[in-house]
Amino acid sequence: MWGFGGGRIFGIFSAPVLVAVVCCAQSVNDPGNMSFVKETVDKLLKGYDIRLRPDFGGPPVCVGMNIDIASIDMVSEVNMDYTLTMYFQQYWRDKRLAYAGIPLNLTLDNRVADQLWVPDTYFLNDKKSFVHGVTVKNRMIRLHPDGTVLYGLRITTTAACMMDLRRYPLDEQNCTLEIESYGYTTDDIEFYWRGGDNAVTGVERIELPQFSIVEYRLVSKNVVFATGAYPRLSLSFRLKRNIGYFILQTYMPSILITILSWVSFWINYDASAARVALGITTVLTMTTINTHLRETLPKIPYVKAIDMYLMGCFVFVFLALLEYAFVNYIFFGKGPQRQKKLAEKSAKANNDRSRFEGSRVDTHGNILLTSLEIHNEVASNEVTTSVTDARNSTISFDNSGIQYRKQSSHRESLGRRSSDRTGSHSKRGHLRRRSSQLKIKIPDLTDVNAIDRWSRMVFPFTFSLFNLIYWLYYVN
């Protein structure tokens, strides 16, 4: 019962309000009252001086701003800028434009903006901007009964964005939009973000081919110049570059070309045409990739991350070509010449030895020795012990001054020969063991097959290590 009575009371009190609203709406749309609206607008504009700001001589005008971002069209590393399309709204109160008798907001033609005072807002880091003009100039003026003015524009601006490309393309960039008053100082005008952190909308709708918007920040501050302090609002975007495009377009081709250059290690070393053609092709391909990349980036003095990677791949490809040059030199150049010289020297030594040994015994059966041989025998341990005993051997001189040694007895000769042979065998065994150890530690660089075998292991290992260090450093 009480609920039914309460509903009747609410209906009784709400009915006049609804009637008043409907009557006001009808009165505005009534052709007879359109003249009243026209007279109101004419009255507002009559005597209005756009040269003076609202509350001239009084407190500064507070201008609130909203931005609805339509799109970020382009981020250019070459020009160091980005292009932004947005709906830019400014709010302020002008008591000269307050009106009564019409309980509605008045949305006027965009040409009325030329007859009203508007803030002298400009974009500090702007390079090129324009207000869209299809089909009419995209700007709006809306008046509120209390004198609040909404001034909206659809703007496309290209703003400067100074980028640090040292970690390109694994980088993050910070691009800002600086909004400032050109002529009015903080004594005349103040800027603020209308709605606080919600003053900028549409960021979540933005999709960029190469970037992702990590976050955005709103900043309000005053900056001081020689002519005074000016209000400034900043909208800052933190952009993280998407690596997927560069992996497919740059990194993967470079890796595959580097691996392709290693195929020459499995090609026979005497196939010069195949190995040289493969090496030169891979080097030229890496050069083409480097050239194309430099055309898409500005001419900056420091080295970028992608430059380091491409330079590393180029070095590996170039070293693979040099490896075959070294193999070719060993096989066709230095190696055969050295072997020929060694063979000639060995044959000459054998001939000299056989001829010399035939002339070392005189007619009496004595073995002729040179002074150098006697010195060597005296210096050795075996000869020293035998020289101390005068009964073992006798050294004499003939009339020509040539020293000779008489042959010892058969038993002494056999004993001395066996001891010499044992000592020489032990020395040879020791030298052979040392040489085998050195061969295990150091590969024979005169063997072209060994060079190719080692290259098959060393090149992939070092390239994998290079990739590990590169990605750990730049990703983290």
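Just so it is clear, glycine is given a Cβ too, placed from its N, Cα and C backbone atoms.
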Exercise for review: With reference to Swiss-Prot, specify whether Asp109 and Leu293 are located on the same side of the membrane.
Suggested key: yes
Check your understanding: Do you know which of Asn174, Asn392 is annotated N-linked glycosylation site by Swiss-Prot?
Key -> Asn174
Revision key, fill the gap. Out of Tyr122, Tyr269, Tyr302, Tyr309, Swiss-Prot lists as part of the histamine site with Ser181, Tyr182, Thr227 the residue Tyr122
Check your understanding: Where Swiss-Prot annotates a disulfide for Cys161, which of Cys62, Cys175 is the other cysteine?
Key -> Cys175
Check your understanding: Any idea which of the recorded positions Asn33, Asn105, Asn174, Thr227 has the thinnest Cβ neighbourhood at 10 Å?
Key -> Thr227
Check your understanding: What same-chain residues lie close to the topological domain 'Extracellular' (293-304): Cβ under 8 Å, and 6 or more beyond its ends?
Key -> 77-80, 165-168, 250, 310
Check your understanding: Using the Cβ centroid of Glu180, Tyr182, Thr227 as the reference point for the 4-aminobutanoate site, which residues of the same chain not in that list have Cβ within 8 Å?
Key -> Asp120, Tyr122, Ser181, Gly183, Tyr184, Thr185, Phe225, Tyr230
Exercise for review: Give residue numbers and ranges for long-range contacts of the transmembrane segment (247-267): same chain, 6 or more residues beyond its ends, CB-CB under 8 A.
Suggested key: 169, 274-275, 278-279, 282, 285-286, 289, 293, 306, 309-310, 313, 316-317, 320-321, 323-324, 452, 455-456, 459-460, 463, 467
Practice item. In whole Å, note down how far the CA of Asn105 (N-linked glycosylation site) lies from the CA of Glu180 (4-aminobutanoate binding site). Key: 28
Review point. Which one of the binding-site residues (Glu180, Tyr182) has its C-beta surrounded by the most other C-beta atoms within 10 angstroms?
Key: Glu180
